[in-house]
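Asker: Next up is a structure, given as structure tokens.
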């Protein structure tokens, strides 16, 4: 299975704050230089590379003399704005020593939720990669709100992997990978070398939260791997302090935890759908509708919906769940929540009678539906 790593042509590499800062005292230029040497070596081996870099908030905190990560949004945004300048300059100067160009890309969830902006971002990133430029991506912390933020750069990296149709997502962390128990408390804990990203057994061993400088613990990394898997990408969660870790992964060594997708790459539109994290409502399905979606991959008809929850407009993303609460799919609703309330449980032929018009015969068309 490690051939999926050695043969990957397009990598997204995410480096966390703890690996880029000197114990929280600003950016570690020497460490960044070592990372650049490894990434340049990948470039020279023919790998197309996109870098998702944490560290802006940590760098800003250092410049401001703060020792504890603030909880107030405006303080986080101020730290990010200050730190982002130094972070990008550090990457640029380090890559320039090897004759490589970099490009700064700041994204928000809105950029990926809007189809037109998603396509524009994808086109720009693909062009940069084809030019041999290394895009350096971070969340645009200065403009996001709690409602539209990605939450952590692990999630952002997974969505970038979706965006650029990456073969491989590498999440570098301060742990050697995922273990079957917490190695900090259990000396018998064993590294999980390979697993399916959707294996439910992983949830039980992915406990823990992020450190003082970062937001993402192992749970967020598992969630990121599952997001990346939706678009067919493999994910390696691996220790960033392992010497020459990127080169050794490329060489086929069994380092870290390799999480593999169940399905191959999605069609372009469904890749975009997979990048939606913000949902506006929930549709509770009967057993027949669950089978139609999960087994037969059909459209969702009003007759198969038992309950509408939340407030959403036509074209917004909703979650489809079974009656026991299991999430089955996500999709773009053809009707608002108010309209959906009136037509659920009825056949498509009855929509005109209930509403006085029919926008579409389906509540969610299968082209706008993605199984989870």
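Cβ from N, Cα, C; glycine included.
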Asker: Would you identify which residue of 4, 14, 342 Swiss-Prot lists as part of the ATP site it also attributes to 173, 174?
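Answerer: When Swiss-Prot describes the ATP site, the candidate it includes is 14.
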Asker: Whole-number Å only: compute the distance from the Cα of residue 54 (substrate binding site) to the Cα of residue 174 (ATP binding site).
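Answerer: So the Cα of residue 174 (ATP binding site) lies 13 Å away from that of residue 54 (substrate binding site).
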Asker: Roughly where does the domain 'PUA' (280-358) sit in mean pLDDT, to the nearest integer?
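Answerer: Reported value for the domain 'PUA' (280-358) is a mean pLDDT of 93.
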Asker: Quick check: in three-state DSSP terms, what is residue 153 (substrate binding site)?
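Answerer: For residue 153 (substrate binding site) - judged by DSSP and reduced to three states - the answer is helix.
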Asker: When the Cα-Cα distance from residue 153 (substrate binding site) is computed for each of the binding-site residues 14, 173, 174, which gives the smallest value?
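Answerer: Considering only the listed binding-site residues, the nearest one is 14.
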